[in-house]
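Report on one structure; see the data block that follows.
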Amino acid sequence: MQFFENDSYLRSALRKSVKRTPIWIMRQSGRYLKEYQSIKKQAKDFLSLCKTPDLSSKAALIPIKKFSLDAAIIFSDILILPYAMGMDVNFYENLGPSFLNPISSISDMKNLNVPDPEKNLKYVLDSIKIICKELDKKIPLIGFSGSPWTLACYMIEGKCNKIFSKIKKMIYQNSKELHFLLKKITNSIILYLNSQIIYGVNAIIIFDTWGGILTEEKYCEYSLHYMSLIIKNLFCKYKGNKIPVTIFTKNGGQWIKKIAKSGCDVIALDWSVDIEYARKQVNGKIAIQGNMDPFELYGSFSSIEEETNKILSKFGYNSGHIFSLGHGIYKDTPPENVNFLIESVHNLSKKYHKKNRFKK
């Protein structure tokens with residue numbers, strides 16, 4: 001077990017005893033914080049922010065200095081990897097990412113690089129080094145990547161459109177070519193995440209944002225299969241320390257039992273899933289992350305406290321729960337409500353850990 005002043009995130013991910021439920025928030029460093037906006041202005045654009053270690057590390061540390069969070073997460077974007085593979089991507093304010101030349105043929109796929117993280121993604125690794133030094137073993141650092149399926153959705157479609165008709169047509173018209181692309185992305189992710197681990201991250205999350213648009217059969221073949229391959233090839237134990245892995249498939253609550261067989265340590269839920277149901281599905285063998293609706297943070301303190309207590313009570317007693325939102329925090333969320341949520345989770349969860357049946 002890795003040593004930190006506050007190791008509750010790692011302990012919960014591994015279903016070990018804790019004194020209170022840990023919390024971190026998806027996009028915890030983001031536009032809702034004026035401090036983030038200030039740092040963002042120092043970069044030419046979002047991509048430049050991600051590629052400047054001094055700035056990206058500062059961005060990652062903003063919420064850690066502002067709130068009593070139990071884990072930090074690197075500041076980057078899932079589409080940094082396709083960019084390193086040779087694709088041109090732009091991030092437009094309020095419109096999202098866009099690829100200038102989306103993949104449209106097998107030759108496009110063959111022309112993609114499998115990037116060497118030490119060369120093509122060094123700015124991410126350098127940011128990790130800076131963050132780890134600043135954290136000074138106070139709390140763990142989370143690294144991440146998008147899932148192969150989710151990255152392929154953007155790379156083929158060119159932008160987010162919620163339907164992703166081009167890649168879904170490929171399933172039925174050019175499945176061999178699609179699997180070729182997914183394998184190349186998978187190999188790139190394995191190298192990327194293992195480099196993150198070498199440089200100091202203590203846990204990994206795979207964000208499968210668009211896995212939920214598939215049928216169960218296609219999800220298992222085109223998304224879950226490749227995430228399982230990633231997990232099997234990660235340095236899940238590095239320098240004697242277990243590196244817990246989380247899978248987050250948005251709108252994938254119906255596949256919890258299948259995800260639990262992937263080799264992951266934690267399943268992250270969106271807000272559409274009942275957390276009590278999810279815990280029963282994994283039978284205490286996998287930790288659960290989640291799963292407050294981000295819109296709850298627009299409510300009053302009393303309503304936030306009520307919903308927090310509801311989620312904690314539904315999960316119930318003992319460890320294995322990491323509190324978080326069911327997706328990323330919204331840009332106009334009141335920071336004082338975020339602080340209240342964190343304090344509420346810490347205070348209200350203590351009673352659920354007094355008699356812990358898991359190993360210490």
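Including glycine, each Cβ sits where the backbone N, Cα and C put it.
Arg27 (substrate binding site) falls outside any helix or strand according to DSSP and counts as coil. With a 10 A radius on its CB, Arg27 (substrate binding site) counts 19 other CB atoms from all the protein chains. Per Swiss-Prot, the feature substrate binding site maps to Arg27, Gln28, Ser29, Gly30, Arg31, Phe46, Asp77, Tyr154, Thr209, His327; the stated evidence is sequence analysis.
The secondary structure of Asp77 (substrate binding site), as reduced to three states from DSSP, is coil rather than helix or strand. Per Swiss-Prot, site 'Transition state stabilizer' is recorded for Asp77, and the stated evidence type is sequence analysis.
For the binding site of substrate, formed by Arg27, Gln28, Ser29, Gly30, Arg31, Phe46, Asp77, Tyr154, Thr209, His327 according to the record, the largest Cα to Cα distance is 23 Å, rounded to a whole number. Secondary structure from DSSP puts Thr209 (substrate binding site) in coil.
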